[in-house]
Amino acid sequence: MSVIPAALASATGLGGVGALAGIGLPDRLRVPAVGVVTAGVGVTGGAAGVAALGGSRWAADYAGLVPLAGAHLAVDALAGLFMAVAGAVVTAVAVYGIGYAAGLGGHGLGSRTAQAVLPLFALSLLLVPVAASVSTFLLLWELMALGSLPLVLPEHRERSAVRQAGVWYAVMTHLGLMLLLAGFALFAARAGGETFTALRTGAPGMSPTLRAVVFVLVASAFLSKAGAVPLHAWLPRAYPEAPGPVSALMSATMVNLGIYGLVRTGLDLLDGGPAWWWLGLLAVGGCSAVYGVLQAAMASDLKRLVAYSSSENMGLVLIGVGASGLFASHGDRPLAALALAAALLHVVNHAAFKALLFCAAGSVQRSTGLRDLDRLGGLRSRMPLTAAFFALAALGAVALPPGNGFISEWLLLQSLIHGLAVHGIAVAVVLPLSVALIALSAGIAAAVFVKALGVGFFARPRDARAASAREAPAPMLAGMALLAAGLMALAVVPGLLGGGLDRAVGAVGLPGSGALTGGGLKVRLADISAQLSPLWVVAALTVAILLAVALPRLYGRRRRRVNARLWDCGGGAPTPRMAYTATSFAEPLQRVFDDVLAPEQDVDVTPVRESAYLVERVRFQHRVPDRIEHRLYEPVLRGLARAGRAARRLAGGSVHLYLGYGFAGLVVLLSALAVGW
Amino acid sequence: MNAIGYVAVAGQVMAVVIGAPLLTGWMRQVRARLEGRAGPGPLQPWRDVRKLLRKEPITPVGTGPAFRAAPALLVATTVVAAALVPLLSTDTPVSAHADLIVVVALIALGTLALALAGLDTGTAFGGMGASREMTVASLVEPTLLLSVFALSIPAGTTNIPAIVSSAAHAPARLASPAGLLAIAALAVAILAETGRIPVDNPSTHLELTMIHEAMVLEYAGPDLALVELGAQMRLTLLLGLLSSLFAPWGIATSASWAALAVALALLAAKVLLLGAVLAAAEVFWAKVRLFRVPELLAGSFLLALLAVTASYFLNGAA
């Protein structure tokens, strides 16, 4: 008897109980009860995932559960990996959410709707990878999308931007669903069945064109969910406007499911494809990585910055998935396995640090009401634990040792560097460029998080609200501590994940890479080798730091530290207004990437009435718009609006006219049938 | 064998720690002579460090833990990198961990710590220095990693001792187009990473033109000693890395005391020569404007990309 069905059943049960508790309980009890039950959903669902990673599999069909099609469920190691990640994040964030929503007195995230939906959304995040047929998958996918929408909106009374974000999110996620529906419907119709097993057996018999159409449709939908450029427009709107725990859940688990879908369809169901699919994916990944991190570098809104960093990291994951498909299409399966392992490991690492980043940012917002880095500052003394958690997560995000992000990026770089063993001009051109893009995004990411940490948490407060910040309540700290513990485990002993990762890669039919073993990482392929031992790096750095602190003390005369004023050029004590802000910090980078970012600047000088030389007021406005949104989305939206206005003329208000339309439509339909089309 | 290996690691670390101020003193002396000055002698940086270490530690009001921790972290990352890079021997107990990407990342970690310390002071200069330093560092990263890529193709690994010993066995490879392009790219990246002319002027006294010096303006006493020592160690280490990668002769590939002694002497000679060349070049070059630096780095990036493609088409495909 496998543990998986029992765990899944209890997760589902708890999800239902949580929803009922959210509706039924009074304000004071609602938040803790829902939080505990949601954490239970996370624990049980995560346990099912861990069991699957451990090697157990489970599949079941419930014919009566979904009308007509029936529900088909299956859990393998790939699904298990995403479930385990989602379970861990849901658990920690649910604990965090108790503290976040507790003080809100039944408003915002503490409201009846939000609290009733939260456990269901958490459940859907865990169940999407379990689906094993098109209809079940789409049903759960849509449940996830619908569940997240009310959770983005709780603060809509406070800010109108929330409503806008909600509309963008709802529209884009449903456009994605339509693409998914079209792609999967086509796939199922031609493969001769809608269960994943039928798709797997039917896929090789399909024509290459059809397979390509299915891949492009489905991949676009999944890429949009993963926040890849240029389908990312919803992401930097929805994440910042959603309450802290919700942004953590969405960014650390929901975007992953886009990657899950892509790997499941591209590498498993369709069983790979021609090189151009994967080259396209590499291009999208590279663009997302660099564009995402550049926008993050320009953002002065803390949560927007973290949101764009999701785009960047998903770009890196896509590079890994694309490289894996590319290597597989050239027949180098061990290398493909290595690249996929790197991508999946980065999914896990990203989930860990991104959840913690959003939790810490949410805690800052809750305490100060501010997200604007230009107004924050000095939080390290007012909120020391939150600042420490943010710093820890930032270390993971900048991909430097001893952070966890470094491990997966190292593995990704290894797979790309050794990819040159695969022959082909395209490979020889694309791989160095990918390495350069990864390096550039890693370099800029370092600047991004130095900015976020240095301007937001260090220095001195630039606003009264930041100066009077209070540390987050205990449940929030506990939730963040859980995430931090996971983060450190991933950073120091990633080998614990080794077997599971190999099984997950094996689930799509690639050989296990054996990259993660025991205390470290070893890459051993035909003629290449490399190894990285995070534990060793941590130990060596610790010893070196102790030496660097101790030796000068032995040498110098021991004196007490004295305080002194900051150097002020003789001009009096520097005020917080003189400190560098996030905008000024990013200015050199903005100049360097001027052509890509196209910043907008407005200087509006109003002279006094009597003389044009005496200035009464100068208004300076500067913003860095999302250029892709500007160039790609706005023309489409304008076109749609124009078409709508033009179509309004068709509706003249006369009933005769409408009856005439009906008649004409019927005639066209009948004549089409008569012609035999 | 084991004892020699440990001695080699200790020797590498000590050579970088003790040699760093000497190298800086040597370079300043070369520069002074070329400019027609007498110069303070190559021991001056050591005297400065000693003097600073004996002063009382000072904490500027309003700074926090990041400011306090950065100097030690800067030195520590460089020490770990010095232990990893095969300056003296390719056969050490830590050579299995000596991955080129790890070394590049450790050096970036030191940069990042210092940039955070600059922001932590909350002054305009600290922030300005940090912002500029991170801009330069982020643009250097692609060049560094592409050079790593180019270097690792012939050896089939990113492990530095393996790269060095494979290059020592096939010296012709170093003179190949790929090798020369990679060395040029890496040299520019190292100039930028260590804050030398034409990217940054280490001896500037004008705050507005500073990058590195603006970040560390608030340090004094023993903290300043560590920051300066750290910066000097990075220069020594990176010049040593450059010489190990592109002139690997003399580095001990076997465990013997004689080989180690020869390696130490040759390392000193190579690094001093590189330092003299750099100092001489700095006499004739001027620092470029901050916003011209990206052009320089883009050029070095192009060289690195060419190195990779050349390496692929000339070696890999053949």
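Count begins at 1; order follows the chain as displayed.
Using the three backbone atoms N, Cα and C, a Cβ is placed for every residue, glycine included.
Unlike curated entries, TrEMBL annotations are predicted automatically.
Listed in TrEMBL:
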type	residues	note
TRANSMEM	B:6-27	transmembrane segment
TRANSMEM	B:69-88	transmembrane segment
TRANSMEM	B:100-122	transmembrane segment
TRANSMEM	B:134-154	transmembrane segment
TRANSMEM	B:174-192	transmembrane segment
TRANSMEM	B:235-251	transmembrane segment
TRANSMEM	B:257-284	transmembrane segment
TRANSMEM	B:296-314	transmembrane segment
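Counting same-chain residues at least six beyond the ends of the transmembrane segment (B:6-27), those with a Cβ under 8 angstroms from any Cβ of the stretch are 40-46, 48-49, 78-79, 82-83, 85-89, 91-94, 229, 232-233, 235-237, 239-240, 252, 260, 264, 267-268, 271-272, 275-276, 278-279.
Packing against the transmembrane segment (B:134-154) from elsewhere in the chain are residues 100-101, 104, 108, 111-112, 115, 163, 166-167, 170, 173, 178, 181-182, 185-186, 188-189, 192-193, 199-200, 211, 245, 293-294, 297-298, 300-301, 303-305, 307-308, 310-312, 315-316: each is 6 or more residues past its ends and has a CB under 8 Å from a CB in it. Using the rule of three or more Cβ pairs under 8 Å, pairs at least 6 apart in sequence, the transmembrane segment (B:69-88) is in contact with the transmembrane segment (B:257-284). Counting same-chain residues at least six beyond the ends of the transmembrane segment (B:257-284), those with a Cβ under 8 angstroms from any Cβ of the stretch are 4, 7-8, 11, 15, 19, 23, 26-28, 30-31, 34-35, 87-89, 191, 196-197, 236, 239-240, 242-243, 247, 249-251. Below 8 A, the CB atoms of the transmembrane segment (B:296-314) and the transmembrane segment (B:174-192) form 3+ pairs separated by six or more positions in the chain. Beyond the transmembrane segment (B:100-122), the same-chain residues lying 6 or more positions past its ends with a Cβ under 8 Å from any Cβ of the stretch are 60, 62-64, 66-67, 69-71, 73-74, 77-78, 80-81, 84-85, 129-130, 133-134, 137, 141, 144-145, 148, 151-152, 158-160, 163, 193, 212, 214-218, 227, 230, 234, 237-238, 241.
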